[in-house]
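As recorded in Swiss-Prot:
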type: ACT_SITE; residues: 94; note: active site, proton acceptor
type: DOMAIN; residues: 100-339; note: domain 'Radical SAM core'
type: DISULFID; residues: 107-344; note: disulfide bond
type: BINDING; residues: 114, 118, 121; note: [4Fe-4S] cluster binding site
type: BINDING; residues: 168, 169, 200, 222, 223, 224, 301; note: S-adenosyl-L-methionine binding site
type: ACT_SITE; residues: 344; note: active site, S-methylcysteine intermediate
């Protein structure tokens, strides 16, 4: 049996240079190769004209450059594109491209499904199968860049921002997320500014500390409730890492971060008559008083079977005004791609659920139905 080839999309620059040392080559050759892969989108070693033929042959014998394929895509009326990315075993994750006047953002997934069980999120209802590999994470960017068109003559890429806000909890896949983000930030990788790469987390505090020790990117935190009692229901990981513990971890992260410019982005989904009262707005402002932040209010995006409704514009406006009375910067997120189920909280993919979460939920619903009848 032939030896399995090394997928170069799995290697950050440190690992790539180690490979080249093993091949008896100088470190700058690894930098050249990364530039071909990430600046120009090249996957055929024979096209890498500044790498000598002998080395190209060595690489072809031991290595490959393989990104997951796009299975299908849908385009929204607002220009948002949702991609279904095939990751093997009949499974798909979803990646969303969001074009704007001054930027083009790609929302990237980190897990097949999600290991957490946030009750307002479609991904969480699908269950969880596994973590994505480095190549499956950066491969989403690489593949969508191909779809949009690498500028092979200049090396200019069509994606300016990446947000780790797709399917999954990134901090539960740090072993792959950190090298993937290293590649995003690397001058020889996707060459993105650390302020243009954002990781969103629901609050796995020990992993947040590890992230802070490893690299500096913009941080968004999923709060969604102003107290532990409600957050235990909406974001069950709160039972393990309650709000004050999470906020302390956030403060530790931004204290040593340049990417965040001294404050974090708080994400707060607006659920009708669940977490959107004026009293809860006052409570949220008090909660965040010692944690420098801006607040991103996210109108809830319904999905089939969701137990929640979207807050009315008047309730969102009233909530926002209360927060601003405390001097907080508040942004109401513009919903993008909801007509193709590509908006925040709507990503589902195609998952073989190892947790049996969806099956258990259906069983419980059937039991309730039988009892009521």
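Note that Cβ sites are derived from N, Cα and C of the backbone, with glycine treated the same way.
Structural mapping of features recorded in Swiss-Prot.
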residue	record	DSSP (3 states)
94	active site, proton acceptor	strand
107	disulfide bond	strand
114	[4Fe-4S] cluster binding site	coil
121	[4Fe-4S] cluster binding site	coil
168	S-adenosyl-L-methionine binding site	coil
222	S-adenosyl-L-methionine binding site	strand
301	S-adenosyl-L-methionine binding site	coil
Taking only C-alpha atoms and a 10 A limit, tell me which of 107, 200, 224 are near residue 94 (active site, proton acceptor). These are the recorded positions.
107
Of 107, 114, 118, 121, which is closest to residue 223 (S-adenosyl-L-methionine binding site) if I measure between C-alpha atoms? They're all recorded positions.
118
Whole-number Å distance between the CA of residue 114 ([4Fe-4S] cluster binding site) and the CA of residue 200 (S-adenosyl-L-methionine binding site)?
13
So how far apart do the S-adenosyl-L-methionine binders 168, 169, 200, 222, 223, 224, 301 get, largest Cα to Cα in Å?
19
According to DSSP, does residue 200 (S-adenosyl-L-methionine binding site) sit in a helix, a strand, or coil?
strand
Excluding its own, the Cβ atoms lying within 10 Å of the Cβ of residue 301 (S-adenosyl-L-methionine binding site) add up to 23
Residues near residue 224 (S-adenosyl-L-methionine binding site) in space but at least six apart in sequence (CB under 8 A)
118, 120, 231, 234, 235, 267, 268, 269, 275
Where residue 222 (S-adenosyl-L-methionine binding site) and residue 121 ([4Fe-4S] cluster binding site) are concerned, what is their Cα separation in Å, rounded?
12
Non-local Cβ contacts of residue 107 (disulfide bond) (under 8 Å, 6 or more apart, same chain)?
95, 96, 97, 98, 163, 165, 166
